[in-house]
Structures are given as C-alpha cells and as structure tokens.
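So the structure is just underneath, and the comments pick up after that.
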Amino acid sequence: MTEISILNDVQKIIVLDYGSQYNQLIARRIREFGVFSELKSHKITAQELHEINPIGIVLSGGPNSVYADNAFGIDPEIFELGIPILGICYGMQLITHKLGGKVVPAGQAGNREYGQSTLHLRETSKLFSGTPQEQLVLMSHGDAVTEIPEGFHLVGDSNDCPYAAIENTEKNLYGIQFHPEVRHSVYGNDILKNFAISICGARGDWSMDNFIDMEITKIRETVGDRKVLLGLSGGVDSSVVGVLLQKAIGDQLTCIFVDHGLLRKDEGDQVMGMLGGKFGLNIIRVDASKRFLDLLADVEDPEKKRKIIGNEFVYVFDDEASKLKGVDFLAQGTLYTDIIESGTETAQTIKSHHNVGGLPEDMQFELIEPLNTLFKDEVRALGIALGMPEEIVWRQPFPGPGLAIRVMGAITEEKLETVRESDAILREEIAKAGLDRDVWQYFTVNTGVRSVGVMGDGRTYDYTIAIRAITSIDGMTADFAQLPWDVLKKISTRIVNEVDHVNRIVYDITSKPPATVEWE
C-alpha cells in the first residue's frame with residue numbers, strides 16, 4: 001500500500017497557515033479528537049486540496065490585514081469545493097473580504113480586542129452546540145468585520161466586536177473572530193470538536209497505529225534499499241525515531257551517537273546500554289568533545305552556539321559517513337514545535353533549532369524527519385505504541401545543542417560541570433518526590449552571574465544556578481511548575497553543598513510566553 005492510499009483512507013482536516021505563532025495548536029487540538037490534522041501553506045490550490053481530500057479546512061489566524069496590499073490570500077475556488085471551512089480571526093476576515101463583506105480597522109467598528117472577552121451567542125449553531133450563551137473567549141485582532149457577505153448571518157458578538165461569529169450553513173462556511181485553540185477560550189475545544197465531528201463528520205478513529213503504518217510506508221518508499229544515518233542523542237525524540245526507523249528498514253539504519261562534551265551526567269553510557277543493548281540498534285559512538293568545545297570557546301551569543309553545534313554535528317556525520325558505503329539520508333527527531341519556533345513561511349523566527357536551522361547549506365545528505373508533524377506528548381504516545389519502555393519514553397527532553405544553551409555566556413569546563421552535577425541532583429529529587437510525571441520539563445541553568453556568599457567562615461564569589469521547571473500539554477505554551485517548597489529547599493541545599501563553585505539558587509517563575517522553555 002502506498003503512502004497516498006494510506007492517506008486517502010485517513011480522514012483529515014487541513015489547517016491553512018496565515019502566520020499565527022500558535023496555529024499549530026489548531027491541528028493539535030483537532031488531533032485530540034482522533035482526527036488527523038496538519039498545517040499547509042495558504043498558497044495551496046483548490047486542485048491540490050482536492051487531491052489531499054480533506055473532510056474539513058481551517059483558515060488560521062495571522063498578523064496581517066486582509067485589505068493590505070501584501071495580505072495573504074486564498075485560491076477562491078477553495079470556497080467552491082463543498083468542504084466545510086472554519087475561519088479563525090484573520091481566517092474569518094479573509095472569508096468575509098473574499099466573498100463580498102467588509103473588513104475595517106477595529107477602531108472604526110468598535111475597539112481592538114486583545115485578551116479575554118465575553119462572547120454573546122445570538123442564535124443557535126452546530127458550531128456552538130453544548131456551550132453556554134455567554135462564554136469567555138480569547139480575542140486578538142486589530143481589524144473587524146462590519147458587513148457580512150450575502151448568505152451569512154450573525155451567530156455571536158462581543159461588547160467591542162459586532163461580528164464575533166458568523167456562518168453560512170448552506171455553503172458550510174463558518175467564521176469566528178476569537179481563538180478557540182488557546183486555553184483562554186474556555187469552550188474552545190468544544191467548538192473545534194463540533195466543527196470536526198458534527199460539521200465535518202469525522203469518525204474520530206485516528207491513532208498512533210495509523211501514524212506508524214503511514215510513516216513506515218513513507219520511509220520504505222523514500223529510502224528504498226539505501227542507507228540512513230541517525231543522529232542519536234539519547235533523548236526521547238531521537239530514540240523514538242531510531243526504533244521507528246529500525247522497524248521500517250532494519251539494518252539499513254546506522255545510528256551515530258556524537259558525544260559533544262555537552263551531555264548530562266553519565267548520559268553517554270546510558271544511551272549505549274538502553275538503545276544499543278536493549279533494542280539492538282547499530283550505534284557508532286564518536287567522542288567529538290574536543291572538536292565542539294574548541295569551536296565554542298569564547299562564544300557567548302546563543303544563536304552562534306546553535307549554528308556552530310548544528311554545523312559541526314553534520315560535519316561529524318560526514319566524517320563517519322565517509323567510512324560507510326551508500327549512505328544517502330540523515331534522520332532527525334525534529335518536532336512540530338521545533339519547526340514553528342524556527343519560523344515558517346508566514347511566521348517570525350523565535351529561535352533557530354538545532355534540528356531545523358543549524359544545518360549547513362552544503363550538507364551531503366537528504367533529510368528524513370518522521371516526527372515533524374508531531375508534538376512532544378504525541379511522540380511519547382508513539383514510543384509506547386512502538387513498545388518502548390517508559391524509562392525511555394518519559395526521559396526528560398534535551399535540546400540538540402545540549403548543555404551549551406544551559407550555560408549562559410562563554411562555555412567553560414567549570415560551568416558545564418556545575419550544570420551537569422546540579423541537573424543530576426534536580427532530576428533525582430524530582431523523581432524521589434514522585435513529581436517526574438507531573439512536571440513536563442525540568443533542568444538547571446548556569447546563569448553566568450556570580451554573587452557574594454558565605455560558606456563556613458569564608459567569603460565566596462561563585463555562580464548562581466537557576467532551576468527551570470514547567471508544566472505543559474504540548475510544549476507550545478507552558479506555566480512554571482509550582483513545586484512544593486520542601487522539595488525546592490532540599491534541591492537547593494544539596495546543590496549548594498555538593499556542587500563546587502555554586503553558592504546561590506534561584507527559581508524561574510516565568511511562563512511561556514513571554515519566555516521560551518530554554519534560556520537560550
């Protein structure tokens with residue numbers, strides 16, 4: 001069975017990308033209902049969509065104005081496909097603008113809305129079935145609809161938005177001015193589920209077993225009888241990729257585990273024992289720590305660190321691949337969140353990712369990225385579906401650049417050791433407290449800041465270590481974890497007493513946004 005035939009058997013809802021930083025959340029929410037969903041460029045044609053054969057289309061939000069000269073548009077024939085369409089924020093304005101309505105700066109129609117607002121439903125609608133007549137939603141728009149196209153009618157408004165929800169049931173076109181994909185829209189999940197199940201007719205039978213079948217077929221068709229190299233870090237993402245690839249192509253896969261000197265405590269030996277021993281992956285271990293640390297000496301800028309590490313990573317692969325024959329592909333554990341934070345065609349780059357933006361232009365391999373449509377929690381579910389043990393699947397996320405981006409400023413062996421040892425203590429105590437499944441991610445950072453302290457009878461002037469612990473569902477947004485004070489106290493006491501050159505511990509209580517998870 002080909003990949004296309006597998007895809008045709010799977011119901012899917014396509015999200016067209018108009019530039020919102022969080023439009024991937026739309027696809028993520030829809031997948032929660034057992035419906036496959038993915039992002040496509042707004043430039044896609046009606047014919048291309050017809051070939052994909054979705055049961056529904058969502059037009060995402062975005063930062064532009066639909067009446068601007070550089071506005072992102074849509075193939076008008078998409079409206080004639082007979083496929084249900086939901087426009088969100090910019091998407092609703094685009095439907096209105098293209099079908100004969102009017103969109104103006106919000107000041108001419110009421111006020112701009114940024115933050116939670118109360119939606120007042122004026123009519124019943126399939127889209128809002130089971131939700132209250134008044135509900136809190138997240139608004140974020142500088143433009144507003146003042147006239148709706150022929151055939152549409154008002155469903156809901158807010159105090160500052162005359163048309164907050166509209167629909168044309170005859171043509172299966174729906175528009176909402178707010179963002180149901182974010183948690184601040186209290187009934188947002190219900191609205192998206194109504195669209196997927198009630199309006200689009202989704203069965204809700206998408207699962208990780210479907211994904212495994214589809215990806216294995218895709219990998220086999222892409223690779224054929226050629227060979228693949230996988231950069232194995234020992235983290236969840238690359239480990240899951242390794243097991244998936246081995247299931248697809250067996251001994252055509254060679255894993256290269258690069259010890260760049262930026263790993264967590266004892267991580268190298270753990271990787272070899274777990275994946276090389278238990279799963280039988282063919283792993284070549286390369287000690288390239290001196291190469292990386294020499295290149296990173298005196299480099300303070302985090303983007304330069306990422307680029308240097310990304311480039312050198314591939315050059316190490318080139319060196320190893322030259323010793324092998326017939327290697328054409330490089331596999332990576334790139335996730336959906338990596339792609340959006342590195343910027344899409346329509347979205348601004350937040351930070352370059354090692355798996356996305358750190359690759360040299362003269363790279364000698366074709367890329368295979370089996371996880372690039374998945375979020376972190378879906379990767380864990382995939383690992384379980386592949387039969388991987390929980391100690392691997394629930395391993396703490398670890399960035400490709402390793403501890404390099406958990407040391408602020410220039411990297412030294414001394415700084416690396418403070419992070420390596422303090423991180424080990426943090427992970428040990430979180431596990432002892434039974435919190436390792438409740439906290440999404442937790443690690444320590446050498447802030448690069450030194451402060452005065454007193455230890456024993458002497459004055460110290462040593463490093464400040466920050467603890468970062470977050471809770472999240474999908475990694476796109478996050479809150480700081482409210483760890484028990486007694487646990488934090490024990491962690492702090494142990495780090496200061498057991499780790500050399502550290503005399504102060506601080507706790508990062510910043511959410512994402514405005515911060516990112518990693519400090520660099």
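Cβ coordinates come from backbone N, Cα and C, glycine included.
What Swiss-Prot lists as active site, nucleophile is CYS89. According to Swiss-Prot, the feature active site maps to HIS179, GLU181, an assignment based on sequence analysis. The ATP binding site annotation in Swiss-Prot covers SER233, GLY234, GLY235, VAL236, ASP237, SER238, SER239. As annotated by Swiss-Prot, domain 'Glutamine amidotransferase type-1' applies to 12-205. According to Swiss-Prot, the domain 'GMPS ATP-PPase' annotation covers 206-395.
Applying an 8 A CB threshold to same-chain residues 6+ apart, the list for SER233 (ATP binding site) reads PHE257, VAL271, GLY333, PHE398, GLY400, GLY402.
Apart from the site residues SER233, GLY234, GLY235, VAL236, ASP237, SER238, SER239, the chain places the Cβ of LEU232, VAL240, VAL241, GLY333, ARG395, PHE398 no farther than 8 Å from the centroid of the site's Cβ atoms, the recorded ATP location.
Secondary structure from DSSP puts GLY234 (ATP binding site) in coil. The average per-residue pLDDT of the prediction over the domain 'Glutamine amidotransferase type-1' (12-205) is 92, rounded to a whole number. Classification of SER239 (ATP binding site) by DSSP places it within a helix.
For HIS179 (active site), other Cβ atoms within 10 Å of its Cβ number 23. On a Cα basis, SER238 (ATP binding site) lies 33 Å away from HIS179 (active site).
Look at the recorded positions GLU181, ASP237 and count other Cβ atoms within 10 Å of each Cβ; ASP237 has the fewest. For GLU181 (active site), the nearest of the recorded positions CYS89, GLY234, VAL236, SER238, SER239 in terms of C-alpha separation is CYS89.
In the structure as shown, the Cβ atom of SER239 (ATP binding site) sits within 10 Å of 27 other Cβ atoms.
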